[in-house]
Amino acid sequence: MASSLAAQLSQIAAKSTNQLDLKAQRIAHSQSLIFDRKVASIQDFDTVYQICYEGFQELCQLDSRFTAFERTIFSEQSKAEDRTQLTAAQNKELDVALEAFLALVGGRLLLNPAIKAVEWLVRRFRIHEYNTSFTILTFLPYYTTPLFLNLLAILPEDLTPTFKVLIPYKKSSINPPRHPLVHSATTNKPFLAALNSYVLQVSRQQAHHHALLAFWAGVYTEAVAGMLDASRSGRREIEKQKHEDIVISVLPILNDGFAMKNVSELIIGCYMVSVVLAQKASLQDKVLDSLMEAVAGSWTEETVESGLVCLAVLAQQKPETKLPRRALKAILRLDDIFKRLTELATQYKTSHLLLGVVAGCLDDLPRQKDTARLDLLSQIFQNQLLGEPEMSKAMALVLEATSSVHKDGAMSLDAQARLADLVQVFSQSESLRPTFQKTIAESSFDIAALEHNLQTVIDTAPAPRTVEDVEMEDVEKEEEQDHFSSTVESLSGEKLFKGSFLSTQSIPLFEKLAQAFTLAIGSKEKCQTFSDLAALGKNEAEKSPQYLSFFIRVFSGPYSMGTRVTALNMITSFLTSTESTNLDFQALLPFLLVTLTDPSERVRREAAAALAAVGSLYKKNRKGEDIWARDNLYGQPKDIKWLPTRDAQKVFERAVLPSLEECIFDATHIGKVLENTLRGVSVDANASELKKPLRLAFFTFLCSHAIELPLFTPKLGLLNILNRIDKAGGTTRTKELEPLLKTWRGFSEREVQDICEKERVPVSDVERQMVAIVTPKEKDSIMILLSNVSSHSESLRPSFIAAVFGRIKDIWARVAEDRQTVAAEQLFDISLGLSDLPLVNNSRDLLRSVQLPGSVLAQFLERIPVSLTDMEALGPAPKRRRTSQNNMIAMTVKDEAEFGKVMEKMTFILELVDSSSPETHPELADGLFQTLAALHHFKSQIQSGMSYLLSLTLGSLLAIVNRSKESAKAQFDTSVIRADLVVDCVRTTESPQVQNAALLLVAGLSVIAPELVLHSVMPIFTFMGSSVLRKDDDYSVSVIDQTIDQVVPALIQSLRDQKRDVVSGTSELLLSFTAAFEHIPSHRRLRLFHALITKLGTQDFLFAVLAMLANRYAMDKDVLVLMTGLVSDASAPVELTTYSKFLGLVSDSLKPKPGISQVLLGIGSDDGREPQKVAVDLLRDLAYLFKHSSLKVKMAKTFASEDEEAIRQLRSTFSQILEQVLTIGDSVQSMKLVSQANGDVLAALFGTLTLVDFLDTIEVLLERPNDELRRKVLRLLEGRLRQNPERDSASQIRVLDFLPTLVDIIRNSTDILLKHAAVACIDRIAEKYGKKDPSRVIGAAQVVASEACIGQTDDRIRIMGVLCLASMAETLGQVMIPALPEALSRSLALLELSLEEGKENSRLHDAVFSLFSALFVHIPYMISGPHLDKILLLSFKSANAEECEDDSRQEALKMMARKVDMAATLGAVDRNWQYAVQAGPVATKETLEVVSLAVEKHPKSATGKNIGVLSSILFKAFDLRREQLALGANATFDAADVDETEDALNDVTIKMIYKLNDTTFRPIFTKMLDWATSGLPKKDTQGSLARLTAFYKFLQVFFGTLQSIVTGYASYIIESVVSVLGKASPADKSTKALWLATMRLLRNAFEHDQDEFWQSPSHLNQISTPLINQLAHATNSSTAATVIAEAVPAITELAVAADSTDNHKELNTALMKFLRPSAGPNGKPAGGENPHTRLAALKAEQSLTEQLGEEWLALLPEMLPYISELMEDEDENVEREVRKWVKQIENVLGEKLDDMLT
């Protein structure tokens, strides 16, 4: 304790800065860089400052940046600074200044002024103590100088671990050598991190210097190299992980370094580190690409040479030659690039870099604007910068680019000429020709296609010489032979490959074999040697896929033409030589069909030969259906839709073989053949048509291969063929191949690149073919494509998105217009997203590039007013003609970002319209005028000209109008024209373009619609309607007010003086105002119209204004709001009078010769609307006014007043209105829409009444003879009661008083629909008011249950009545009992009727069961046993009725099980069980569900009381299996049904057991055992087996569920189980189920033994031997699998339960019998004679070893002899498994068994 305290005190003392410690202060003051300690100790700060300040001033003269420190650390005040007295914040601020100075002075430390200046920092601010790290790093580049020794001398003794490398040299006072510093950087992470951080900080401060950066670059490069070398490990995974950790730590430093382009030496240092990383670490392509882009992006003129060297080194490490795009662009932008590359190539390895440049020069040839890249390409080849192998690759790149250039677009003539010249150089140059000819020979380029693309002739390699000519090549051939021999020898040890070579993309063995096969090309002997390799399994080729799948992969893969031809030849040879004529080789068909599209004729010829060989095999095949490689062609079994052999033969003989000759000469012919074949058209004269089912099968066969094929080269070829076929045999390409598209979509960019790189297929080709899966003939083709990108856009590859949109563009024109509309809407919504997303840009580009239908453009235009409405509260009403536009209130758009989005959206829409030839879409006129109105309105709000948008809008309108002028009649509805807006555009805009467009548009409009532009018959109101009314400035408002006040009264008076009808006389005036409605600012509309009507006279004119507005705008929301406001201002009598006149106008409009309606509404005029449509609009608006005006409130107030006259007048007018409505209803019964609208008015009119008044009115109306009216009013009553009717006492009493009226209708009416309506009303009344006085409702219930209602023959009244009774049962409860007898009997009869065959009625069925459910819930005690029996019998019948839904029946049965007394429920089930079984599985399972619920939901006591009937049901159910077997072919249950039923039964039984105690259940169990074992005569073997199976399946659940609680019950069944084990067998179909049940029940019984039951010898001895003897059943692969799966786990669990060495030994002894062949007592083979038996025994030993471990291996000595024998077993499977067992034993014991086994 004391020593610890002393140590702590000494540490505190060492760090103390107590000012009283004078000795410590003197020592600290004497620390100096330039003075001796003694001299320094006697100097004061004034002296030191004077000396140091001189040095500082000299520094300032050298670099003006130092002057900034004159005011801080070199100020006069600094002499008094004491760091010990400063706060932490002040010290931190001081540290910033000190470090900035040190960074700046670091490059001049060898100068005396700099040392003097730093001396001040040491003496005054003690930087060596407080800023130790920064100080050391500043001096470190000078580690070899005396100056660094001086620094070491004054550094603190306790240096941090970061700088521990300096401690020995500080103590020894010597300069550190370089090696320790590099070693420290390599091994001491903090030191390296500090150095890197310091260098980056100094560089950012622009204080870098040569000494520092040279030191850092050397140390850091060596450190990184050292770290990578030190991380090398024998285990590749560990080494890779360590390398990744180092790379992750280095990359951020490089990233920061590359960002400082102007620090050249830092950049070069980063290049050095990058080179080390590339050479010593296995960097991924992605990392290399990023480094190369960073290097190329960082160089300047000073660093470009070093950067190119770095790029060359990095490129050499890349497996592929392609350079990153940014790096390539940076290279190509360099001046004198060829000169630079030439100089680079003379000093460094540049082959990959140059190949990358070559590939880059060839990239995207059609889009190259000039030939600069091709010029560079020519220079590279002509100066032969590449070696021969790389030259060949470069030539191949040129040829490949030239071959595929036509796919990407046309090449410019200059580019074509340059490439042609270059290829001519290849073929004519003496030095390049051999390489070029070799390249041609080893590749599969189509020379004819090359010549066509380049428009030149290519001299290919000469024909190979004969063997006699080749004498000088013997040595080379021998070397090749040696290479082949060594390769084959290395492969000779390979065992047969497990599976198919087509199973996955990456198979190392395949690569080795392919290399060997390539070496064998050209030599039959070598090919024969190669084909005999064990890994290929030629001898097993007919049974296993290895041999043929290898050659399939070769000829389908990216190999040279010769290699592929030889592979095809090997397959053909095999097919022609095979002796098995019953094999079906249809698996070859997809690959060979793809090969027929190969550009090489040689390849196609060999493919045709192979197909012919397959065809000949089909002819020999007489009976075989054995498809080669059916389950393992692609590894694990795949969902391949194989063709039946005869169908495959038909495909060959009718479609493929007749066209082979043409396919050889034409690579495209096979595509045409398949297309026509699958369409059902014969393309060849010798071919015959395939029937539709076969076409479908063939098509799905090919599609399934395309989906499941793991290799993308043949997959791409197959897609290329399939994508020609839209439909086949009733299915579509999209439907079949869409899973492939979804799978491809899910790949990441890296995965796609890896896939395509491995198989050398262009990513773009795969992307294009994948999206081409979607055919335009698919109904939702575009939406399918969009669904693949829209919801996953952030995670998808840009290339996939581009391909999808490219496909949409390709198929757009072939898609139906309605589908284009839906797609365009979605594309537009996508295009409004963030503009930098690929999905958004692609959507916009697509919309701009396709032909959009007019309907789509119209919908887009509709969005503009809506968008502007969202931006500000004063939005224009869409789709309405305006007549004025001013008087807007200025507003400010607060959200500028939102405004920008709206502007962008509008601009995009209008640009789309403008670019879509608007003159061809006259229907856009309406939307464009709306847009013009919205823009003009919004323009005034934001005080902006919006000239561009106006110009676009006017331009589109002008195009439409000009096109319309050319025809006799306008091509669009001229009523949408807004000439006032166009004029205002001229008046208000400052843009000449807009003005000119507007003037031209006005001129055009005057031609096609002069009445809208020129003066009308009432100039003043025309002017107001088209101009003034829409203004919103004060002056315009004043004009309107004065006009109304002065002109209108005079006009009215004039009409009266002339004795003209004032309403008809002012129709033009009213029309002007109503026409101007939508142009009037919304906040002024009500005030303006109210003033107008007031001046005209409300009682005389209100109806007319309302009618004209309704006629013109129908149900426009804004108009309805105005109309409601106008009528709400009127009194109740005036409002009712207005409605009466309004209805009179409706009646007039429907007359043959209309009167006033012709004047006001234009009825009967040439341009007037149809009277019925006018009537519908007027009636709908009137219904709205009744519902939403304040009439009801005003009438209530009048009725509540004491003004009798007013009340009388009101009732009179209301009655008149009602009479008018009824009269109209009578007259328009034949006019459906008018009648419906009139009915709405009637309903709304009644809605103005209280419920009491409503019922009073209905009673009167029900006395009318019109049944339609009576039905109508009852439906209105039901609707009102369905909502929230009045609940006051008076209303309730009145409603209940109304019940007798409804009952009377049900009893006496013959109109079924009227009865239906009455029952519906009773239903509502009973639900809403029944509980108020149930006794008044019961009478109605009895009538509904009687003959008069549900006793009718009409199903509608029956269903309504039954549902009404169900509602009443829920509401009335036991009060319902008087109606119950008749209700039950009739409903059961109805249910039975609804289930009659041919007369099924699901609605009636469901209604009756709903009634039963209600009765079971609310009065279950009233349902008697016979009723329950009847319900169950009918439910059984319902279960089998296909037309009936299950839900209602099942719900009723559940309610019965839950609510009805358990004894009654179980009794009914027991009585009717046999009928349930007769009905079938569904009824039986539902019956068991009833029992299950009854047991579950009732208490234990109820279960105990009813155990007798419950047992009876269970025994009957357990006997189901036996009964069904006895029925034989007449059985109603199949095996699966029986199993499912028994599962449900076992569940019920377990639930019952949970409710019983052991005393109650044990007798039942013994009874069950007796029932199962001895309950049948011995002769009934089949029945006994069935009962045992059912019982044992129950025991399996019994022991598995109740576990250790019931282990003791096993004593009852041991004898029976042993007996069963002696006679049941998994190989015997009749006993297999029993055997499986036995194994599983034993396993469960053993597994849960916690009472040592099975340890008892009496129990163990009985069961062990019979159980282990089950291994003898393993006599073939099928039974062995069953035994291993079922018996082995049971044996294992028995051993675990036995849990004693003696027991284990006994078990093992019995088990080992089966490990070796032996003879039984009767001389017959026994034990392990069969290898499958031995295998099963081995599996048991493995399981026991795994489960018991060392406990079981205590028996190892007696096992060893068996193991030794088994390791030499003649059966491979046994031998393999015993070796697994040996490894397992060795893992458990931790030692080898080799010594024990020898």
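Indices start at 1 and increase along the chain as displayed.
Each Cβ is built from the backbone N, Cα and C atoms, and glycine gets one as well.
Feature annotation from Swiss-Prot assigns repeat 'HEAT 1' to 583-620. Shown for the repeat 'HEAT 1' (583-620): DSSP residue counts in helix, strand and coil, namely 30 helix, 2 strand, 6 coil.
Positions annotated as repeat 'HEAT 2' by Swiss-Prot: 1042-1079.
Broken down with DSSP, the repeat 'HEAT 3' (1249-1286) shows 27 helix, 0 strand, 11 coil. The repeat 'HEAT 3' feature in Swiss-Prot is assigned to 1249-1286.
Predicted-model confidence for the repeat 'HEAT 4' (1293-1331) is 86, expressed as mean pLDDT. What Swiss-Prot records for 1293-1331 is repeat 'HEAT 4'.
For the repeat 'HEAT 5' (1754-1791), same-chain residues at least 6 beyond its ends with a Cβ under 8 Å from one of its own Cβ atoms are 1701, 1704-1705, 1708-1709, 1712, 1715-1716, 1731, 1734-1735, 1738-1739, 1741-1742, 1745-1746, 1797. Look at Swiss-Prot and you will find 1754-1791 tagged as repeat 'HEAT 5'.
Feature annotation from Swiss-Prot assigns transmembrane segment to 942-962 (among others). Through the fold, the transmembrane segment (942-962) approaches residues 890-893, 899, 903, 906-907, 910-911, 913-914, 917-919, 921-922, 924-925, 928-929, 931-932, 935-936, 971-972, 982, 985, 989-991, 993-994, 997-998, 1000-1001, 1004-1005, 1008 of its own chain, all at least 6 residues removed from its boundaries and within a Cβ separation under 8 Å.
For 998-1018 (among others), the entry in Swiss-Prot reads transmembrane segment, with the evidence type sequence analysis.
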Where DSSP helix means H, G or I and strand means E or B, what are the helix, strand and coil counts for the repeat 'HEAT 5' (1754-1791)?
-> 29 helix, 0 strand, 9 coil
In the same chain, residues at least 6 away from the ends of the repeat 'HEAT 4' (1293-1331) whose Cβ sits under 8 Å of its Cβ atoms read 1251-1252, 1255, 1258-1259, 1262, 1267, 1270-1271, 1274-1275, 1277-1278, 1281-1282, 1285, 1337, 1339-1341, 1343-1344, 1348-1349, 1352, 1354, 1356-1357, 1360-1361, 1363-1364, 1367-1368, 1371-1372
Using DSSP three-state counts, the residues of the repeat 'HEAT 4' (1293-1331) come to 35 helix, 0 strand, 4 coil
